[in-house]
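Report on the structure given below.
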Amino acid sequence: MAPTTVAALMDDVTDPSDWHHDFTALRNLDACLRCDLCFDIYTSPVSIKSCNHTFCSACIRTHINQSGNTGSFCPKCRQTKAYDSELVPQPVLEVTALEWKKARAFLARLQDKPQQQQQQHQIASSSKRSPEPQPSTSTSTSPRRSKRIRSDAPAESSTGSRSSPLTILDDDDDDAIQDTTRRAPHDDDPDYIDDASHNRQLKADDLVQCPICSHNFTVSALDRHLDTITCKQGDPPPSLEERGLASKPAKPSSWFTPASTMADLGCNEKRLVRPQYNLRSERELRKLLDDAGLPTTGDRERLVERHRQWINLWNANLDSNKARRSTQQLRRELAAWERTKYSAKDHTAQVDKQKETWIKSNRSQFDELIQKAKAGAVKDKHVHQAPAISLAQDAPPEHHHDASAPTS
């Protein structure tokens, strides 16, 4: 990611340490309204019934529902088992967090106002000290308002009885004339269609090609496809429903609203129950995802993780009373989560595969180097041992003093 992009993203990140000078007293308030998992201001806060620790609903659901039950505990005290059924929504805290977000933006501008005024004062002072440019003496009128005289008829001789009418033109009239001239070549061509009008003629049922996986979709289905799927070249074709090519049911009467429309409007308040994934076949998992309008690509592990996170987002959205998102927004959040989770994992897997391939292709060279290293180690061992043996052989024999011999 480019440094400028990182800097732009960091500008959107808020933190209690943003408050300084006269606003330092707001740091504790800002910190108390933040989740200990995402470190952002609460979104749909819930508390664990047994320990009363509070987190964002989506954050704690994602944590406690990890595969293998690796996170089924309170991440703050790490002593209490936590389950979905023990999460209690906190509507008053949710309203407080929403109002704090609004007030925080206003207070941040109020905090930065003296600094901005000081910068503006410095700029104004420097501009006063700089010499003013001399006005041009060639003309005193603006070039955009310059005028000239044009004759609407051919000029007659000086002896003509009547002079031709004169028209004063502005430069604005020149712009209109040039614009008319630019459009004129295409006005007489009935078959001419510019790109903008061509794009506007596409209908929701028209077939278009995905620029990534090259499969055909309807225009409306392609929008959903690009929003929710991380496809790539060579992927198998999605289902007919996902491509928008399935036969459509009869249009309902005006007084009836289909269930899918109610769900898209966020009116379906039924919580989703997490199935036993180890008892479900891969085909059944794809059916669950397809029924929810989610992509069905990927291996079994990816299908399970996608459906598990979808239930987390769906049930977390129902914990909110003030800021519920639509089903389409939840699908976009799931797609963003999946891109973040699997982009790094896919890159690591690709690097590991390249490393393994390179090692296999150069195995003979590795074996040769290993043999040379072993032979060199044995040779060095013999070289170092030889001088020690020769020194031991050349050393004079030691004469031991016999205590029983008579002394002179």
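Backbone N, Cα and C define each Cβ position, glycine as well.
Because the structure is a prediction, the values reported are computed rather than measured.
The compositional bias 'Polar residues' annotation in TrEMBL covers 156-166.
The annotation compositional bias 'Basic and acidic residues' is assigned in TrEMBL to 396-408.
Helix, strand and coil residue tallies for the domain 'RING-type' (35-78), in that order: 11 helix, 9 strand, 24 coil [DSSP]. The annotation domain 'RING-type' is assigned in TrEMBL to 35-78.
According to DSSP, the secondary structure content of the domain 'UBZ4-type' (207-236) in residues is 10 helix, 6 strand, 14 coil. Taken from TrEMBL, the feature domain 'UBZ4-type' applies to 207-236.
Tertiary neighbourhood of the domain 'SAP' (277-311): same-chain residues 62, 65, 67, 224-225, 228-229, 231, 235-236, 238-239, 241-242, 260, 327, 330-331, 334, 337-338, 341-342, selected by CB-CB distance under 8 Å and a gap of 6+ residues from either end. Summarising the annotation, TrEMBL assigns domain 'SAP' to 277-311.
The feature region 'Disordered' is assigned by TrEMBL to 110-196 (among others).
If you look up TrEMBL, you'll see 233-257 (among others) marked as region 'Disordered'.
Annotation comment: TrEMBL describes 377-408 (among others) as region 'Disordered'.
Each residue of the domain 'SAP' (277-311) gets a DSSP state, and the totals for helix, strand and coil are 25 helix, 0 strand, 10 coil.
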